Amino acid sequence: AECSVDIQGNDQMQFSTNAITVDKACKTFTVNLSHPGSLPKNVMGHNWVLTTAADMQGVVTDGMAAGLDKNYVKDGDTRVIAHTKIIGSGEKDSVTFDVSKLKAGDAYAFFCSFPGHSAMMKGTLTLK
């Protein structure tokens, strides 16, 4: 089973994919995020955040209030299944999470929680 994915977030506010499938044979799953653009993280920073589809908007709203120092993710937010830090031009970050946290048939969303980005930078994650 392929238990990781490489994703890029660019200066055009786009992720390189809008759908991720996690094989249920995987014990853990790793997301490797990179930023091929030229803009710094305070201007065009990106992260990768995973929640249920239902929780996405609330996490985005609370993340905006948390600010850049907290990677636009509220401290101790139990709705967040996994997240990377905010990265800028030329930077990378990875996150690994337990696949046991996912349920087959549930709808999951991944997105960038940098203010204003989630409308374009989002996708679905499915356990198969």
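Backbone N, Cα and C define each Cβ position, glycine as well.
Cu cation is bound by Cys112, His117, Met121 in Swiss-Prot, and the record lists one more residue there from His46, His83, which is His46. On its own chain, Cys112 (Cu cation binding site) has Gly9, Met13, Phe15, His46, Asn47, Trp48, Val49, Ser118, Met121, Lys122 as residues at least 6 apart in sequence with a Cβ closer than 8 Å to its own Cβ.
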